[in-house]
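Some notes on the structure that comes next.
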Amino acid sequence: MTTLEEISALTRPRHPDYWTEIDSAAVDTIRVLAADAVQKVGNGHPGTAMSLAPLAYTLFQRTMRHDPSDTHWLGRDRFVLSAGHSSLTLYIQLYLGGFGLELSDIESLRTWGSKTPGHPEFRHTPGVEITTGPLGQGLASAVGMAMASRYERGLFDPDAEPGASPFDHYIYVIASDGDIEEGVTSEASSLAAVQQLGNLIVFYDRNQISIEDDTNIALCEDTAARYRAYGWHVQEVEGGENVVGIEEAIANAQAVTDRPSFIALRTVIGYPAPNLMDTGKAHGAALGDDEVAAVKKIVGFDPDKTFQVREDVLTHTRGLVARGKQAHERWQLEFDAWARREPERKALLDRLLAQKLPDGWDADLPHWEPGSKALATRAASGAVLSALGPKLPELWGGSADLAGSNNTTIKGADSFGPPSISTKEYTAHWYGRTLHFGVREHAMGAILSGIVLHGPTRAYGGTFLQFSDYMRPAVRLAALMDIDTIYVWTHDSIGLGEDGPTHQPIEHLSALRAIPRLSVVRPADANETAYAWRTILARRNGSGPVGLILTRQGVPVLDGTDAEGVARGGYVLSDAGGLQPGEEPDVILIATGSEVQLAVAAQTLLADNDILARVVSMPCLEWFEAQPYEYRDAVLPPTVSARVAVEAGVAQCWHQLVGDTGEIVSIEHYGESADHKTLFREYGFTAEAVAAAAERALDN
């Protein structure tokens, strides 16, 4: 634990010359509002918001370039509260700074319908750049924002001197001990150093307290040394009240352009709560009436009043609105001059901000003739990306060290990064479009979210479907935010083959479909893959993330695939030859991905027995379920109860479509190491097995 002498030193104020009583009053107002808000609702995290009051005030009032009247301003700095549990750190600044929150919003913290939920939520509260809460996600996504900032500069103003472009800005982060402990920050921080992201500035709130009290029980590393080892520019500031040290550290960080900056700020959580500061009780619970009253006495507030904000303090802090508009106007002059110099790039920017695609963007998408050589859908996806590359400069992405397997490299594209990281295989350029995440799947997921949140580009990232488990927290958060990240997940079943059960997805499709707002797209062949990419890219921001599920093994190019049908999520691929117009089939075979070919073959076998089967390709359950019921009933007539679902995964998500009398051809156990043909045969994925299931469904 921290000694009393150390606490005294760490809480000794050091203010710059311009600092006045009104600045001190504003900081104390932040502390009191944080204590009052948590006390009123009875739960929350007051301590960090109290001890970080000087830092938050300095960042929002004195450091960041932003405009409270336009929270979507292209030239703004971004702020990421990775320590999302300390949401009051952000909310109170948004209130004091005039971003759209009022005192009543602070008073309604963590209550139904409020603008101030327990953790910051993107799209919910004006001024919140990203949803945070699961620790580590914010810092990792901030790395993506910094990468997106550089790529944006490369698209629109690549030749400007550092700091001279209207597209230059900073990404500021506040991270906690918990963020530092999470593995995703290690992954992302390592990559940030490789990328030399000089516009990324992270404040690490080193208060050494978590829910279980003193972090020494679980964290005893020299974190600053770890970040130096990564290759970051590292500074250490002693004391959360040391505004001089904070400002000097920010200035030093801004001067370093070839490395991300890490500022370890040693604070005392809960300061100035006399009995609970520097304890776990200040971290995640209300302080209690007596302790809150004591805090107010210490800072000169009336202990009997709540939510006190002096009028002169609010007038002072909301001066940020005018200052922000002035900064915006100065930036606009630079931006307008750039627009006059670069009319073509300005037109591109306008298109991206409007979320529009260029005319003819999909004209060169590849098409494969039915019956042509079998092709893995991952290979088809790679061909699609290379065809789209010249038309869509906003599209960029890569893989978690599996580019050759995932087929995620756009033909002819340089790698994104400083030229110094170039290898024999890859040529890196500051503004390249091929991303190399390394074996860092979790960071990749979070970084993709940061890229998309920053805008205005589209990003994708690939790995094996099995390793989507490593990405799941980031994928869920992207779905919660309704952002349009794209995940390319290949090697999608036991069809992966010889690598065996550790790498063969079994439960993954159902597990991913369980995430609300995530669209899971598993095309049947090369053409459905092209149609899937077309649909994904045509969707506007706010339509949610998409996981594109692709095969390792070759699959036949099918007859009857349909672009509109893919966009609807499911469609009639073929009806048995004997069916008359308007006549219903005897049985419906519903399949996805590589198993659609089995349904087609089973349809022929059933026809030999005078059973008329319909084959429905269902690349995306989520898109299909969003269709009007008239369309769904036309594809799956309710009167046809004999149904079979075929998918090389667990059956969990298919019961709703096949009903009690239907059958599911699935796999409910782990696989083995063998070639894919053997595995499919031994585990019952054959046309004969599908036909037999159809006959059972008819008998049910």
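Counting begins at 1 with the first residue displayed.
In case you wondered, yes, glycine gets a Cβ from its N, Cα and C as well.
Remember, it's a predicted structure, so these values are computed and weren't measured experimentally.
Asp177 is the residue from Asp159, Asp168, Asp177 that Swiss-Prot records in the Mg(2+) site together with Asn207, Ile209. Among Arg259, Arg310, Arg378, Arg433, the residue that Swiss-Prot places alongside His45, His283, Ser405, His491, Asp499, Arg552 at the substrate binding site is Arg378.
Considering only the residues assigned to thiamine diphosphate binding, Thr48, His85, Gly133, Pro134, Leu135, Gly178, Asn207, His283, Phe467, the longest pairwise Cα distance works out to 35 Å. In this entry, substrate is bound by His45, His283, Arg378, Ser405, His491, Asp499, Arg552, whose most widely separated C-alpha atoms sit 48 angstrom apart. For Ser405 (substrate binding site) paired with Thr2 (N-acetylthreonine), the C-alpha to C-alpha distance reads 52 Å.
In the three-state DSSP classification, Glu441 (active site, proton donor) falls within a helix.
Other than Asp177, Asn207, Ile209, the residues of this chain whose Cβ falls within 8 Å of the Cβ centroid of the Mg(2+) site are, in sequence order, Thr48, Ser176, Asp205, Arg206, Gln208, Ser210, Thr215, Thr267, Ile269, His283. Here the recorded positions are Thr2, Thr48, Asn207, Ser405, and the one ringed by the most other CB atoms within 10 angstroms is Thr48. On a Cα basis, Gly133 (thiamine diphosphate binding site) lies 32 Å away from His491 (substrate binding site).
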